Amino acid sequence: MNGILWGKFRRFVRKPGAFLITTIICAVFAFLLGSSSFTKVEIPVFAKNTSNAEAIVQELNKSDSFQFNLIAEKAVLQQIEDGKSDLGAALANDSYTIYRAADTETTLAVNRYLEKYYQNRFEKQQIINNAQDKKEAETKVEAMEKEPLLPITFAKSQQQSSYDQSLQALFGFTLFFSIYTVANTVVEILRDKQNGIWDRFILSSTSKTQLYLGHLFFSFFLGYMQIMLIFLIFRFGTGVDFHGNFAVVFGVVIPYLYAIVALTILLTGLVKTVSQFNAFIPLVAVSFAMLGGAYWPMEIVKSDFLLLLAKFVPVTYGMELLKRGIIEGAAPMELLFPVGILMLMGTVMLGVGIRLIERRHV
């Protein structure tokens, strides 16, 4: 097995072009799509039965992500109708209404932000109304907001905390392109069988177990190295902080890569030629990325059928591991379910794939 690993490593050093190209493309796409989160999204709004709209908008604009522009109702609706804006909102004293052209990531994020704002506003108003001295209560509430007596940590639900546009793009494209990287190394098994090199290995002292382990370990290592390289570039090159959980990345991608290596082994056993394999990989990679939430968060998907299909896609659980482990800071025990599913998927696909490869004569 060591000889196989050394030979594949030397071949990689001589021709690292495919690895470097996919790594660069992945980093560029993730940066371009994720960078939009660093600029404020403009949201047109109008007042509805309130004279405090300007004060509300001023408080809403404290957000680092959104810029609310107070204009007339007709202008807001016209912008949505003309496609100049994906959504708008009507702001009242104690409620809001969102007008949207479609359910998008921005719509989801704005709705959460407004919901949280109005909830805090309602609680603050209740405290002031129940106080005997309302002016003194208002002063104390404002002082406590600036300097709370005790640090309070609010529990976040998975749906509320798993969205981060920059990390969504980074995680999604990294997992997506890692499929190509792993596939380009696993396909060497099929190429060796076509060229007769596989038969020479079998006739040598190397066992089939060592043959498969050599190919699988190298494919896994290359995929792991690419993912770590991309994340390191974003961590130390662009300043992405990974919510302080960067070390989690080193562990949560392991079960995902295991499942992807097994998936490519299964595809290798299903096809007869390298050209067929190369034709299937883009179809599988793109469809899995779309179903698994690599291109957009799963929270905006409304179709029950698509959500059902997503449960059978490794990318779904890879994204879940990254989001829950990094964005939410979930404990290791909370990640056991997606880890278990990926390990089960990988074991089944690996067993079936190797059996098909052994039975098929190329």
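Just so it is clear, glycine is given a Cβ too, placed from its N, Cα and C backbone atoms.
Keep in mind it's a predicted model, so treat the numbers as computed, not measured.
Annotation comment: TrEMBL describes 134-360 as domain 'ABC transmembrane type-2'. Annotation source TrEMBL lists transmembrane segment at 169-190, 211-234, 246-267, 279-298, 335-357.
Scored by C-beta pairs under 8 angstroms, the transmembrane segment (211-234) has its highest count with 169-190, from the stretches 169-190, 246-267, 279-298, 335-357. Listed stretches 246-267, 279-298, 335-357 were compared with the transmembrane segment (169-190); the greatest number of C-beta pairs under 8 angstroms is found for 279-298.
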